[in-house]
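Visitor: Below you will find the structure I want to go over with you.
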Amino acid sequence: MATNTKMETFVITGMTCANCSARIEKELNEQPGVMSATVNLATEKASVKYTDTTTERLIKSVENIGYGAILYDEAHKQKIAEEKQTYLRKMKFDLIFSAILTLPLMLAMIAMMLGSHGPIVSFFHLSLVQLLFALPVQFYVGWRFYKGAYHALKTKAPNMDVLVAIGTSAAFALSIYNGFFPSHSHDLYFESSSMIITLILLGKYLEHTAKSKTGDAIKQMMSLQTKTAQVLRDGKEETIAIDEVMIDDILVIRPGEQVPTDGRIIAGTSALDESMLTGESVPVEKKEKDMVFGGTINTNGLIQIQVSQIGKDTVLAQIIQMVEDAQGSKAPIQQIADKISGIFVPIVLFLALVTLLVTGWLTKDWQLALLHSVSVLVIACPCALGLATPTAIMVGTGVGAHNGILIKGGEALEGAAHLNSIILDKTGTITQGRPEVTDVIGPKEIISLFYSLEHASEHPLGKAIVAYGAKVGAKTQPITDFVAHPGAGISGTINGVHYFAGTRKRLAEMNLSFDEFQEQALELEQAGKTVMFLANEEQVLGMIAVADQIKEDAKQAIEQLQQKGVDVFMVTGDNQRAAQAIGKQVGIDSDHIFAEVLPEEKANYVEKLQKAGKKVGMVGDGINDAPALALADVGIAMGSGTDIAMETADVTLMNSHLTSINQMISLSAATLKKIKQNLFWAFIYNTIGIPFAAFGFLNPIIAGGAMAFSSISVLLNSLSLNRKTIK
């Protein structure tokens with residue numbers, strides 16, 4: 001019995017650090033029926049692949065460990081957006097409230113340190129006054145940390161909340177002890193506990209604000225989705241909500257208006273700005289029968305379209321979904337941070353205890369020892385580790401989408417930086433994929449025979465012959481016993497005679513001589529044209545030559561890759577001479593050209609290079625490229641290709657420009673560099689900060705501030721990718 005596998009995304013609330021996301025991920029993966037689950041701290045989302053369970057059970061499992069979960073679908077998106085705004089407003093209010101109460105305590109402390117002992121300063125140094133100001137900060141504003149710490153300890157997965165709760169509580173408790181039960185010390189630390197909470201809350205608020213900017217690419221794409229459409233019904237034009245548009249509706253789109261949804265032009269011509277989908281700045285000319293896509297802009301002509309796709313099935317919706325999935329995925333390099341985050345908080349708790357005991361034993365000043373210990377607790381930051389990789393991936397995939405490069409996940413984004421070999425399919429990748437008949441050699445009737453045979457073919461060369469036949473007025477004849485021979489040609493019976501159309505290799509297998517056409521065929525192939533022969537069971541009757549224009553940017557793109565040290569190969573089912581001619585024109589070495597390759601053999605060449613230690617990227621656009629795309633380290637599909645190719649590939653180039661391959665590698669390298677910088681900063685910050693705190697070089701307030709802003713530095717570094725021009 002077939003298993004019904006589902007994939008759902010949930011928005012997770014209540015996470016504060018990498019330990020939270022790791023705990024939720026572990027809990028989801030332990031649920032019966034769950035095949036895999038990943039939780040992303042930066043996007044605050046969980047992606048769950050499951051069979052025998054329900055979304056309600058999954059949500060309940062998250063709630064049971066102290067977090068919130070909401071199914072991320074169309075029905076809940078508005079609610080999720082509203083709850084996020086409410087949460088941010090509440091956090092902003094708490095931050096302002098906390099700052100108002102903390103500021104007098106801080107100013108009084110600074111004034112006292114500067115030698116001021118006036119009545120106002122003395123008033124704010126009264127134990128009861130400080131307690132009244134610090135109490136709401138500690139237990140109202142800081143309640144979020146206590147709540148988080150409770151759930152973390154309950155599930156035996158201590159997180160940042162535990163560190164903050166213990167650290168600030170220790171400072172607060174010491175202040176109460178000194179203020180109301182004085183022995184030998186009257187020092188109060190209410191300003192320290194309050195300031196730590198205020199600074200950490202400020203850091204969290206800025207972190208949430210910065211994190212929202214990492215998703216700007218998604219927001220920009222979502223803004224392309226129109227709210228209304230002009231529809232023709234019963235001969236009258238009316239405005240309706242986009243949700244009311246149905247397949248086969250006729251929509252009217254005026255110059256300057258956005259296309260509401262995908263459809264085919266049935267009246268009018270225009271040029272459409274597709275830059276938001278493809279990154280291509282030049283408007284694309286469109287005429288009747290051409291497809292247009294939702295979110296694109298009609299620049300000059302009035303057009304009518306017949307709707308073909310709506311809602312989540314439109315190209316724009318699928319692109320948004322692909323980018324969201326990519327931003328929620330994990331790169332292999334993140335495993336380092338995940339492993340460290342899992343043991344980070346217990347280690348910090350242990351170091352804080354060691355600091356307390358050793359400092360107290362050496363100095364005999366247990367209050368000083370406690371302050372050193374508090375500094376260790378509040379400076380340690382697992383958040384920076386948790387955000388280092390996902391924030392860079394979010395921004396990197398967003399930059400890619402803006403440039404027409406759709407990267408499906410963190411693994412592909414990281415893997416592209418390591419590519420040192422690229423295999424290019426010829427037809428539709430190096431060439432335009434729109435072959436045309438250039439030469440017909442043989443008696444006139446071969447056009448009709450070719451035309452009849454190729455009518456049933458799906459091959460691009462076959463379609464070129466059919467288009468030529470229609471253009472010259474060829475007549476189709478009834479055909480029986482039609483057979484497609486992958487990589488070789490086609491055959492069928494017409495008027496009782498069995499014919500074959502295809503390659504010379506197939507003719508040789510049939511023991512047919514083509515000496516009569518040998519010289520002309522050689523000349524055509526050396527010019528880079530593909531020659532197809534027509535034969536019956538006795539002799540070769542003639543041949544047709546087909547040429548496909550090389551893409552304008554092909555030579556430049558290949559040169560760019562070679563300058564990067566990437567070996568470029570070409571694979572094609574075409575004959576050796578035609579393949580070498582094309583390869584020479586675009587600058588591919590002759591020994592890097594694989595010709596006369598059957599569709600099922602393309603994957604073999606990928607495997608061969610991989611066995612030689614190469615990191616291989618495969619670029620293709622057809623159904624027969626799918627196995628090779630799947631096997632490659634990074635499969636790259638051209639946006640003009642088949643759905644199967646794009647579904648199999650790790651990356652889709654929406655504009656079909658070969659120069660986008662180089663952009664993809666540059667973007668991948670830049671993103672990986674940011675990830676490494678982020679991880680380095682997070683490691684160094686904790687490696688240096690914790691010893692400094694333990695030895696008393698940082699007081700708790702400075703330690704808390706450093707902790708708060710360490711995450712911000714990681715986010716800002718990731719966001720700097722937005723300013724990078726990828727070439």
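Each residue, glycine too, has its Cβ placed from N, Cα and C.
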Visitor: Confirm whether, per Swiss-Prot, Ile726 lies on the same side of the membrane as Pro119.
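Guide: Going by Swiss-Prot, Pro119 and Ile726 are on opposing faces of the membrane.
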Visitor: Please work out which recorded stretch in 162-181, 188-203, 701-721 has the most C-beta pairs separated by under 8 angstroms from the transmembrane segment (120-137)?
Guide: 188-203
Visitor: Give the residue from the recorded positions Asp425, Asp621, Asp625 that has the most other Cβ atoms within 10 Å of its Cβ, counting over every protein chain displayed.
Guide: Asp625
Visitor: Determine whether the transmembrane segment (342-362) and the transmembrane segment (95-115) share at least three Cβ pairs under 8 Å, counting only pairs 6 or more apart in sequence.
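Guide: The transmembrane segment (95-115) and the transmembrane segment (342-362): touching, no.
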Visitor: Rounded to the nearest Å, what's the C-alpha distance separating Cys20 (Cu(+) binding site) and Asp621 (Mg(2+) binding site)? Just drop the number here, would you?
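Guide: Roughly 41 Å, rounded to the nearest whole number.
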Visitor: Let me spell it out: take the transmembrane segment (701-721), skip the flanking residues so only those 6+ beyond its ends count, and list any with a Cβ under 8 Å from a Cβ in it.
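Guide: Answer is 167, 191-192, 195-197, 199-200, 202-204, 206-207, 210-211, 213-214, 374-376, 378-381, 383-384, 387-388, 391-392, 394-396, 399, 670-671, 674, 677-678, 681-682, 685, 689, 693.
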Visitor: With DSSP as the reference, give the number of residues of the domain 'HMA' (6-70) in helix, strand and coil.
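Guide: Each residue of the domain 'HMA' (6-70) counted once, the result is 21 helix, 24 strand, 20 coil.
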Visitor: Considering only Cβ pairs under 8 Å, which range in 162-181, 188-203, 679-698 makes the most contacts with the transmembrane segment (376-396)?
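Guide: Answer is 679-698, with the largest number of Cβ pairs below 8 Å.
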Visitor: If you draw a 10 Å sphere around the Cβ of Cys17 (Cu(+) binding site), how many other Cβ atoms fall inside it, taking every protein chain shown into account?
Guide: 26
